[in-house]
Amino acid sequence: MSERYANGVSTSLVEPPANGHSADTKKAVEDGDGDKIVLKRKLTLINGVAIIVGTIIGSGIFIAPTGVFYYTESVGSSLLIWSACGILSTIGALCYAELGTSITRSGGDYAYLLVAFGPLVGFLRLWIALLIIRPTTQTIVALTFAHYAAKPFFEDCDPPQNAVKLLAAVCLCLLTAINCLSVKVSMKVQDIFTVGKLLALIMIILAGLYVMATGKLDNFSNPWEGSYSARNIGYAFYSGLFAFGGWNYLNFVTEELQDPYKNLPRAIWIAMPLVTGIYVLVNLAYFAVVSKPEMLSSLAVAVTFGNKVFGPLAFMVPIFVALSTFGGVNGVLFTSARLFATGAQEGHLPKFFQLFHVKQQTPIPSLIFTCLMSLLMLLTENVYELINYFSSVLWLSVVASIAGMLWLRHKKPDLPRPIKVHLALPIIFMTICVTLVLLPNFKEPANLLIGIAITLAGIPFYYVCIAWQQKPRCYGRLSNAMVELCRAIFNTTIIESNESLK
């Protein structure tokens, strides 16, 4: 194994900065190698809130209401599930605040599992993120953007699938180019589109409250009549939790966050209650206007809502929704590239993932790879199948990260913990998550089994590509050739972690 691992754990991931807080880091030259730099902490508290809110409020609130109601067939239980999803996501985010302030490396789940359980478990989390979680998430949000962006041109029918996919591909490529050009520009995009999506949702909420105030409450008759099978409840939670996906994404870029010990938990406390309140009120507005049959038949439920409420201004709704999902794609791309760069810094991915632009400090090779994987996922047609497919694997990895937090409390009791949540919170969170994973998979275990099989398929890759030290020379020459090619084309150089110990 590599010398950077002590007792199977990467030492560079554990220690906080020597001064006990996070200062802005400048360009550094180490060991006489002028090509190596460290990341600057450019992300403010507002940027952090925008990443969480902007990534969570992407496609989910515009497609998941149909999914939740499809499985529950009940207005009351749907609203209850949305509230429960918000509370559960907040509990998870608080647990991640403890992890993110004690292990201040970028990488999120990958970094935490690597420290807690060693390089093999960390690599498997990176493996499924590379193949399933990140490409699927980006593809779902991009497809939703494309559907809503094309909807105004196809008022009487759904947009052609080929047109939607082509538009989604353009979205992915455009945002990848923006993220390659500048961190500041990509964050401005995130901030602007986050404000835009909040305005769109507030507009929907106010319209729904107005309809309810006029006494039109027919859709709320028999609110608890519906389906309550374990399978349906589990899948309804999957759709709701998909809409909250992104509550842990700020943890993937903590090395670029200013003063993460303070700003990480602050961003969580601002963002999560805000998103939960907005989501419940938006669903209340949907149910006030859209009938049950219309809810079940419309993938673009916000467009149906707009057509019934805003009249000649209804064309504004798909535009606002498209802008919202556009910002969501940007947030996922931004964090995904940093995750893969962290994996390369730990020797778990090829070195070219570790390359950042010399001046702009953008991980261009990682961004391009992330975009290509998402473009491949566009071959999948059914968005709900995508949600059900990766949800089991995603939530099992989240449970493993929280279990790692408890293990680190026992294994490393002296590890600095600026935030330490009550023991009941991670236990409650893990119990609910495991239950949600198992409920729908008792009758339909295929998604879970396929996800586990893909995860375990990473084991031979780990031992051949990572653990095996005596690789043929051609392997090293190929890796170095890729690095030099990327350096020449993109003007990139090797990046070092802010938290590395020499």
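Every residue gets a Cβ built from N, Cα and C, even glycine.
The feature region 'Disordered' is assigned by TrEMBL to 1-27.
TrEMBL lists 45-67 (among others) with the feature transmembrane segment.
Same-chain residues lying 6 or more positions outside the transmembrane segment (79-99) and placing a CB less than 8 Å from one of its CB atoms are 68, 72, 108, 112, 233, 236-237, 240-241, 243-244, 247-248, 251, 264-265, 268, 272-273, 275-277, 279-280, 283-284, 287, 398, 401-402, 404-405, 417, 419-421, 425-426, 428-429, 432-433. Feature annotation from TrEMBL assigns transmembrane segment to 79-99 (among others).
The transmembrane segment annotation in TrEMBL covers 111-133 (among others).
Look at TrEMBL and you will find 163-183 (among others) tagged as transmembrane segment.
Under 8 Å from some Cβ of the transmembrane segment (195-213) lie the Cβ atoms of residues 53-54, 57, 61, 278, 281-282, 284-286, 288-289, 302, 305, 309-310, 317, 320-321, 323-324, 327, all in the same chain and six or more residues away from its ends. Among the features that TrEMBL reports, transmembrane segment is placed at 195-213 (among others).
Residues or ranges marked as transmembrane segment by TrEMBL: 233-254 (among others). Within the chain, the transmembrane segment (233-254) has long-range Cβ neighbours (under 8 A, six or more residues past its boundaries) at 43, 48, 51-52, 55-56, 58, 60-61, 64, 67-68, 70-72, 77-78, 81-82, 84-86, 88-90, 92-93, 96, 99-100, 104-109, 137, 140, 260, 264, 267-268, 271-272, 275, 279, 328, 331-332, 334-336, 338-339, 342, 384, 387-388, 391, 394-395, 398, 436, 438-441.
Under the heading transmembrane segment, TrEMBL lists 266-289 (among others). Using a Cβ-Cβ cut-off under 8 Å and counting only residues 6 or more beyond its ends in the same chain, the transmembrane segment (266-289) has close neighbours at 45, 48-49, 51-53, 56-57, 61, 65, 75, 78-79, 82-83, 85-87, 89-90, 93-94, 96-97, 198, 201-202, 204-205, 207-209, 211-212, 216-217, 219-220, 243-244, 247, 250, 295, 301-302, 305, 308-309.
For 309-341 (among others), the entry in TrEMBL reads transmembrane segment.
The feature transmembrane segment is assigned by TrEMBL to 362-380 (among others). Within its own chain, the transmembrane segment (362-380) is flanked in space by residues 130-131, 134-136, 138-139, 142-143, 165, 168-169, 172-173, 176, 179-183, 186, 333, 336-338, 340-341, 344, 352-353, 355-356, 386, 486, 490, 492, 495, which lie at least six positions past its ends and keep a Cβ under 8 Å from the stretch.
Sequence annotations record features per position, and here TrEMBL assigns transmembrane segment to 386-409 (among others).
Taken from TrEMBL, the feature transmembrane segment covers 421-442 (among others). A Cβ distance under 8 Å defines the sequence-distant neighbours of the transmembrane segment (421-442), meaning residues of its chain 6+ beyond its ends; these are 88, 91-92, 94-95, 97-98, 230-231, 233-235, 237-238, 241, 388, 392, 395-396, 398-399, 402-403, 405-406, 448.
Below 8 angstroms of C-beta separation, residues 1, 119-120, 123-124, 127-128, 131-132, 347-348, 389-390, 392-393, 396, 437, 441 of the same chain, each at least six residues beyond the ends of the transmembrane segment (448-468), sit close to that stretch. The transmembrane segment feature in TrEMBL is assigned to 448-468 (among others).
Within its own chain, the transmembrane segment (163-183) is flanked in space by residues 42, 138-139, 142-143, 145-147, 149-150, 189, 256, 326, 329-330, 333-334, 337, 357, 360-362, 364, 367-368, 370-371, 374-375, 378, 490, which lie at least six positions past its ends and keep a Cβ under 8 Å from the stretch. Beyond the ends of the transmembrane segment (309-341), by six or more residues, the same chain brings 51, 54-55, 57-59, 62, 106-108, 110, 126, 129-130, 134, 137-138, 141-142, 144-145, 148-149, 151-152, 171-172, 175-176, 178-179, 186, 189-190, 192-194, 196-197, 199-201, 203-204, 207-208, 211, 246, 249-250, 252-253, 255-256, 289, 300, 302-303, 349, 353-354, 356, 362-363, 366-367, 369-371, 495 to within a C-beta distance below 8 angstroms of the stretch.
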